[in-house]
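Engineer: According to TrEMBL, the record shows the following:
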{"type": "ACT_SITE", "residues": "Asp13", "note": "active site, proton acceptor"}
{"type": "ACT_SITE", "residues": "His41", "note": "active site, proton donor"}
{"type": "ACT_SITE", "residues": "Lys144", "note": "active site"}
{"type": "BINDING", "residues": "12-18, 40-42, Arg309, 335-337, 417-419", "note": "GTP binding site"}
{"type": "BINDING", "residues": "Asp13, Gly40", "note": "Mg(2+) binding site"}
{"type": "BINDING", "residues": "Asp13, Glu14, Gly15, Lys16, Asn38, Ala39, Gly40, His41, Thr133, Arg147, Gln228, Thr243, Arg307", "note": "IMP binding site"}
{"type": "BINDING", "residues": "Thr303, Thr304, Thr305, Gly306, Arg307, Pro308, Arg309", "note": "substrate binding site"}
Amino acid sequence: MPAIAIIGAQWGDEGKGKATDLLGDRVDYVVKFNGGNNAGHTVVIGQPDGSSEKYALHLLPSGILSPGCTPVIGNGVVIDLAVLFQELDALVERGIDVSRLKVSANAHVIADYNRTLDKVTERFLGSRRIGTTGRGIGPTYADKMNRVGIRIQDIFDEKILRQKVEGVLDLKGQVLTKIYNRRPATVDETVEELRAYAERLAPMVCDTGLVLNQALDRGETVLLEAGQATLLDVDHGTYPFVTSSSATSGGACTGSGIPPTRLEQVIGIVKAYTTRVGEGPFPTELFDDHGEHLRKVGAEYGTTTGRPRRCGWYDAVIARYAARVNGVTDFVLTKLDVLTGLEKVPVCVAYDVDGVRHDEMPVNQSDFHHAVPIYEHLDGWWEDISEARTFADLPVNAQRYVEAVEEMSGARISAVGVGPSRAATVVRHELI
Ligand code: IMP
């Protein structure tokens, strides 16, 4: 089997965890290839007795919950080791076997100085802030690009680790003390913090690129699961209001060591409306009762930071853009049930920018900031759709909504989420 990527088609929180979990039983490896504990997947798994278990994962790939699946943290990820072991311990307490986890020797680690820098920089930026999650993600990727990052493999050689920490703290210590008036952790404290995990980490660490390519050679299925989403991608997103990693299908290759020629399917996850956390442009954002309604019914509060998410209508322009940038072969449309009970459901089909119609994402940042949505108003439905399991089970207007959105978005919609649990899904085309 080829490799398959799952990516977010909007600004994150589209329900990638659920989609990954939907495939989890049929894939052998699930790989997290970008980001760190800025992400948050909520996975709800129905139990044999009819109850359901909810898991909030930040750093671990959601494949960790599927017994036959090997979860992998790829080289493109930045790892906060304390968070990694907290998450693992919490799962073990709930009876989940985590012994299959593999961690790339080339992934970078988030050290204390970068968590501090993330927070103080945001404070310093004031009204120009990005609205980061404050987890040290940006500064850690900056170190990686600046070639002063600390990698997982460095932790096992105390001498090398100390040299690298000394090198990076030489500069960061000055910045933290002299600009931000913060006492940075010392070299000894930092080395100690990172070394504390060495023993537990060692059995998990390997050349994950090699492991994954060998698995593909054997005909196994590898699912590459993006953190964040297309519009938060450092190259293709709404820069500078983005995260610092490659969240698109290209990043799936660089962040895992799997070549593009082995990637045959790209599943884009798109919510039936749009949300965003943090700062930055968002053309279809709602500031009225409709926005509050979506937030309330959709429970749109951040998994990682608890922040209320900004909510707005479906934006077909960004869905088309995501289809193009990622080469989306199938969309999964999530949370359709949240739209139940609306007289009319607006969908943004294009933007008006200072009197000029844009059918594609404007390349210029200022144009995107000024984009006014041009809406098509589709008929709503009132029936409860949470029990729908086939397309024909959906009310006609809900079917029309899915078909209209599909027509506008540049790839077929293969599955539709109608409720939080794994089972609450209408499958139109088998995903793998
Ligand atoms: P950072 O990733 O913490 O540097 O934050 C950069 C931007 O990405 C901020 O607007 C965050 O709110 C946003 N962001 C980061 N991770 C997620 C996510 O998992 N879902 C949605 N937004 C995210």
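If you go along the chain as it appears here, the first residue is 1 and each next one adds 1.
Yeah, the Cβs are placed from backbone N, Cα and C, and that goes for glycine too.
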Engineer: Please report the distance from the Cα of Arg309 (substrate binding site) to the Cα of Thr42 (GTP binding site), rounded to the nearest angstrom.
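Structural biologist: Rounded to the nearest whole number, the Cα-Cα distance is 15 Å.
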Engineer: Would you kindly give the Cα-Cα distance separating Gly15 (GTP binding site) and Thr304 (substrate binding site), rounded to the nearest Å?
Structural biologist: 14
Engineer: Counting other Cβ atoms within 10 Å, pick out the least crowded of the binding-site residues Gly12, Gly15, Gly40, Gly306.
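Structural biologist: Selected from the binding-site residues Gly12, Gly15, Gly40, Gly306 on minimum Cβ neighbours within 10 Å: Gly306.
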Engineer: Quick one: which of the binding-site residues (Asn38, Thr133, Gln228, Gly306) have their CB closer than 6 Å to ligand 1?
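Structural biologist: Checked binding-site residues vs ligand 1; flagged Asn38, Thr133, Gln228.
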Engineer: For the IMP site as recorded (Asp13, Glu14, Gly15, Lys16, Asn38, Ala39, Gly40, His41, Thr133, Arg147, Gln228, Thr243, Arg307), determine the largest distance between any two Cα atoms, in Å, rounded to the nearest integer.
Structural biologist: 34
Engineer: Give the sequence-ordered list of residues that share a chain with Gln228 (IMP binding site), lie 6 or more positions from it, and have CB atoms under 8 Å from its CB.
Structural biologist: Gly8, Gly12, Asn34, Gly35, Asn38, Ala39, Thr243, Ser245, Ala247
Engineer: For Arg307 (IMP binding site), which residues of its chain lie six or more apart in sequence with Cβ-Cβ distance below 8 Å?
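Structural biologist: Sequence-distant Cβ neighbours: Val277, Gly278, Tyr301.
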Engineer: Could you round the CA separation between Val418 (GTP binding site) and Asp13 (active site, proton acceptor) to a whole angstrom and send it over?
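Structural biologist: Per the Cα atoms, Val418 (GTP binding site) and Asp13 (active site, proton acceptor) stand 16 Å apart.
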Engineer: Distance check, please: Cα of Thr305 (substrate binding site) against Cα of Thr133 (IMP binding site), rounded to an integer number of angstrom.
Structural biologist: 7
Engineer: Helix, strand or coil by DSSP: which one applies to the residue listed as 'active site'?
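Structural biologist: Reduced to three states, the DSSP call for the residue listed as 'active site' is helix.
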Engineer: Write down the Cα-Cα distance for His41 (active site, proton donor) and Gly15 (GTP binding site), rounded and given in Å.
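Structural biologist: That comes out at 7 Å between the alpha carbons.
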Engineer: Looking only at Cβ atoms, how many others are within 10 Å of the one on Thr305 (substrate binding site)?
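Structural biologist: Total other Cβ atoms inside 10 Å, all chains included: 15.
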Engineer: May I ask which residues of the same chain, at least 6 positions away in sequence, place their Cβ under 8 angstroms from the Cβ of Asp13 (active site, proton acceptor)?
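Structural biologist: The list for Asp13 (active site, proton acceptor) reads Gly40, Ala229, Lys271, Thr275, Val277, Glu300, Gly302, Thr303, Arg309, given in order along the sequence.
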Engineer: Spatially speaking, which of the recorded positions Thr133, Lys144, Gly306, Pro308 is closest to Thr42 (GTP binding site)? Use C-alpha to C-alpha, please.
Structural biologist: Gly306
